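Engineer: What TrEMBL shows for this protein is this:
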| type | residues | note |
| --- | --- | --- |
| DOMAIN | 395-465 | domain 'PAS' |
| DOMAIN | 468-519 | domain 'PAC' |
| DOMAIN | 552-685 | domain 'GGDEF' |
| DOMAIN | 694-950 | domain 'EAL' |
| TRANSMEM | 36-58 | transmembrane segment |
| TRANSMEM | 65-86 | transmembrane segment |
| TRANSMEM | 106-127 | transmembrane segment |
| TRANSMEM | 148-165 | transmembrane segment |
| TRANSMEM | 177-198 | transmembrane segment |
| TRANSMEM | 210-230 | transmembrane segment |
| TRANSMEM | 236-257 | transmembrane segment |
| TRANSMEM | 264-286 | transmembrane segment |
| TRANSMEM | 298-319 | transmembrane segment |
| TRANSMEM | 481-504 | transmembrane segment |
Amino acid sequence: MGFWFLGFGLMFGQTMMGTMGTSGFMAEFGNDFHLSSFFLFQAMFCGTATTIFSGAVAERMRFSSYLTVAVLLSFFVYPLFGHWAWNGVDSGTLNGWLGASGFVDFAGSTVVHSVGGWMALATLIVVGPRKGRFMTDGTAVEIHGGNLPLSVLGALLLWIGWIGFNGGSTLTMDKSVPGIIVNTVMAGAAGAAFSLFIGFCCNRISKVSYLINGSLGGLVAVTACCHCVTVPEAIFIGAAAGAISLIMEELLLYYAIDDAVSAVPVHLGCGIWGTLAVALFGDPIILDTGLSFSAQLLVQMEGIVAAFFVSFLIPFFILRRIDKIMPMRVSPENEEMGLNISEHGAKTETADFFRIMQLQEETGDLSLRVPADPFTDTGVIAARYNKVMAALQRAAVTFQQLFDGSPQAVLSTDSQGIITRANRGFESVFGYSAEHISGSHNCDMIVPEEMVLEMTTIRQTILSGKSVHKETRRKHKNGKLIPVSLLGFPILINGTVEGIFYVYQDITERKELEDQLYRKAFYDSLTGVPNRILFMERLGRAVARQKRKKQFCFAVFMIDLDRFKWVNDTMGHPAGDILLEQAAQRFLCSVRSVDTVARLGGDEFAVLLEDISDSKEIIAIARRIRNEAAKVFKIKGNDIHISSSIGIVINTSFYSRAEDILRDADIAMYRAKATGKSRYKVFSKKLHEMTHDALQLENDLKEAVEKNQLQLYYQPVVCAKSEKIKGFEALLRWSHPTRGMISPVNFIPLAEENGLIIPIGQWVIEEACRQLKKWHLSTEFARHMSMSVNISSRQFMHNDLEQTIINALDAVELSPDFFVAELTESSVMEKPESVIGQLNRLKKTGIRIAIDDFGTGYSSLAYLKRFPLDYLKMDKSFVDEINANHENMEIAKAIITLAHNLDLKVIAEGIERMEQLEALRCLDCNFIQGYYYSRPVDGLQASQLIEGWGDI
């Protein structure tokens, strides 16, 4: 209808400049036998092209979409290209621009088959592959849906039709017809044989599809030239087409294009080959185009390209646009159901059978029955099926009664852990009704977060076909953890694990009784920590584990409370008991959760640190315990001061008995007590030396403060534009009498830990102010200079900081404007709300405030805006590669811009080269500090630097 209404006229009507027909629409044939026959012949060609695309997109496209593509093809695409190639063929003179150029397509390799193939390819790309055709990794999955005998019969019928199409394309019964038929048959046979041969060689299997597609490919290829080639040439063309169809099919699979009937490989791939074969093998005399070989090949290629544009490229964009407006593909549900039912509403007895089965699968309703007609095969099967379902329903009811009546909590899940059912006992144990948890994951409902890994292991064990019986914990609806006995076993169906049954029994009462007995036997009744028996057991296990795993390391502390006897003697044993309880809790807070703190008796405690090899970490824990013991104990309104002596055994790999380790820890503890109490000693010789060194350094630092061994070095801060000294940063150094100059990295953390940072910091502030005043008095040039002092985080939060600064300034009659307090970014952002108050108090003194190492921490812009700051010091890491690294340049630019927007000045640290200075000048950085101008120098050298700079 569509072809008669519009297509026939577009294709064979009066040509308009060789592009399209302008007459012959809704043709009236009357008694014109020739015209009527010609119309029917061409209508069949058009129908063939439409059939090609429809087969390719089978099982996924809406019927309305099929009609849309069919209209586009039969109304416009096929007639338009047909006009270019065949207009005037009925009169013997080709008028279309392509045909007039010498393009030859005798019976439609391109006009029919390539056009249909291109259209099919465009539609396949838009619609996409069938559900389940390709796996997630791109592997193709073969979908079996055809009937093999009918497929072969269909191919045989196509052969018969092809003979008629190719023979009839002469438009007359002359002597060339037999040769055309022979060439057609031989090409089809060659394609079948060669495709089967290649397919077997590649895959070692003889698929009937190789035979069918190869033969059709041969027929398609020879269609363009069956009138102008010899029989051997036709055989070669057909054989090559068989290979091409296989190659094209593999290409489609590679690109995940799902062609249900191999229409694209057969009709498009072989059609293109057949079109080229006209020039390669066609007899020029028979072709009668007057073109040379190269010219004929060129015009054949022009025809292929023209077909690509009109039947693929343009339709592809049109179809993609249509698909966005109105999806061309059916829904996944309808695709699963089948298009006969979803699109066409077809109803059959078999379909009803499957519908009831699907409904039973979805709802689990075993009472549903299939309508059974006793006079059909399907009806007989349905009747037997209903009997099976009745028996299954009785068994299910029996099981459900047993399931629901069990006093234990019974739960079933699928293989993925999704809960499928639960009994009433489950609700009484865990508080969840079956309706509430059905469809949820087992781990989300009753499995505590910390036991998800255990549950995963249990599920994997059961899925392997084994049962699991163990005691564990599960979570009640109210959040409480319940000790349970768990029995899990697989639900086996035909040897496959389809799910899991879990049976839970609440064992709370039994566990509470066991815990009471266990605590009485293995825990200290006063402090609640493990007693000597449990500690020795755990220590013995650690020794045994170290023998098995050489990389496993552990350490042992022996702790004795100094002055405990004095507390007992002066305040009584009840006060001593309270002290022991508080000390035990402090020790527990000083170690990790995996460690053991035990009371061995009296005022002796022991600590087992497991899976720890870092001696520094061990010493740090010992210090924490010592410091906790040294803090004030509040007992009955009294402040009690005690200390602790700690013996440490770190190198435990040489021990084979737990008792020996405890003995040596005890020896080390007494050594610590003998050296002055509130100390710790390491029994291991090597680590003893390290500990001794750390202790010695700490003692030396105290002495350094007392004997004035600390000194300040100064590094100039220079104006970026004028290159005048704006001020200095005071940097602390320690000149040890025997070790030489010690870096602040090695002693500042130690001072922070033991509290020496407060007196040291006070000395730094006072000394820096004294030095700055000297410079102010020494020369006019120095009177504008300021002094920057680093304030540690601990000193910053000290209550006396602002008074310390004021006293130091007043002592030398120095204006607060010249004092700059430098704070690290991390210290001000640790507790920003409390920091704001402290900064405001410092700011009220009149001093300047700078953020040091800016950009290395995590400053919040909201807080940065609220901080009363004067300077941002950009960290050296952003300056090092500022010229070579575009990212560093952008970061530096952003920091400077941010600072200026907040009315802050920027000091860049670590400048060592001229090009760095120039780059920062270009970014409008305010001040520069680094080796480019001077390394940190002592006071005398700094004075000389000022004098020299002032003379410039």
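Placed from the backbone N, Cα and C atoms, the Cβ positions cover glycine too.
Note that the coordinates shown come from a computational prediction; the quantities given were computed from them, not determined experimentally.
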Engineer: Per DSSP, what is the helix/strand/coil residue tally across the domain 'PAS' (395-465)?
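Structural biologist: Each residue of the domain 'PAS' (395-465) counted once, the result is 41 helix, 12 strand, 18 coil.
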Engineer: Are the transmembrane segment (177-198) and the transmembrane segment (236-257) close enough that 3 or more Cβ pairs fall under 8 Å, when only pairs 6 or more apart in sequence count?
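Structural biologist: Yes, the transmembrane segment (236-257) contacts the transmembrane segment (177-198).
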Engineer: What parts of the chain pack near the transmembrane segment (65-86), using Cβ distances under 8 Å and only residues at least 6 beyond its ends?
Structural biologist: 2-3, 5-12, 15, 18-21, 42, 45-47, 49-50, 53-54, 57, 94, 96-99, 103, 105, 110-112, 115-116, 119, 123, 127, 303, 306-307, 310-311, 314-315, 318-319, 322, 326, 328-329
Engineer: Please list, for the domain 'GGDEF' (552-685), how many residues fall into helix, strand and coil according to DSSP.
Structural biologist: 60 helix, 38 strand, 36 coil
Engineer: Near the transmembrane segment (106-127), which residues from the same chain, at least 6 beyond its ends, have a CB less than 8 A from one of its CBs?
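Structural biologist: Counting only partners 6 or more residues beyond its ends, the transmembrane segment (106-127) has Cβ contacts under 8 Å with 45, 48-53, 55-57, 60-61, 65, 69, 72-73, 77-78, 81-82, 85-86, 165-166, 169, 220-221, 223-228, 257-259, 263-264, 266-272, 274-275, 278, 303-304, 307-308, 310-313, 315-316, 319-320, 323, 328-329.
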Engineer: Give me the DSSP three-state residue breakdown of the domain 'PAC' (468-519), ordered helix, strand, coil.
Structural biologist: 12 helix, 32 strand, 8 coil
Engineer: Take the transmembrane segment (210-230) and find every residue of the same chain, 6 or more past its ends, with a Cβ under 8 Å from one of its Cβ atoms.
Structural biologist: 104-110, 112-113, 151-152, 155, 158-159, 162, 165-166, 169-170, 176, 179-180, 183-184, 187-196, 198-200, 237-242, 244-246, 249, 262, 265-267, 269-271, 273-275, 277-278, 281-283, 286-287
Engineer: Please indicate, using numbers and ranges, the residues of the same chain that are 6 or more beyond the transmembrane segment (298-319) and have a C-beta under 8 Å from a C-beta there.
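Structural biologist: Here the qualifying positions are 69, 72-73, 77-78, 80-81, 84-85, 98, 101-105, 110, 114-116, 118-119, 121-123, 125-126, 272, 275-276, 278-279, 289, 291, 328.
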Engineer: Compute the average pLDDT of the predicted model within the domain 'GGDEF' (552-685).
Structural biologist: 90
Engineer: Please give the sequence-distant neighbours of the transmembrane segment (36-58): residues at least 6 beyond its ends with Cβ less than 8 Å from one of its Cβ atoms.
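Structural biologist: Residues 3-4, 7-8, 11-12, 27, 29, 66, 69-70, 73-74, 78-79, 82, 90, 108, 111-113, 115-117, 119-121, 123-124, 127, 165, 168, 171, 259-261, 263-264, 267 contact the transmembrane segment (36-58) from elsewhere in the chain.
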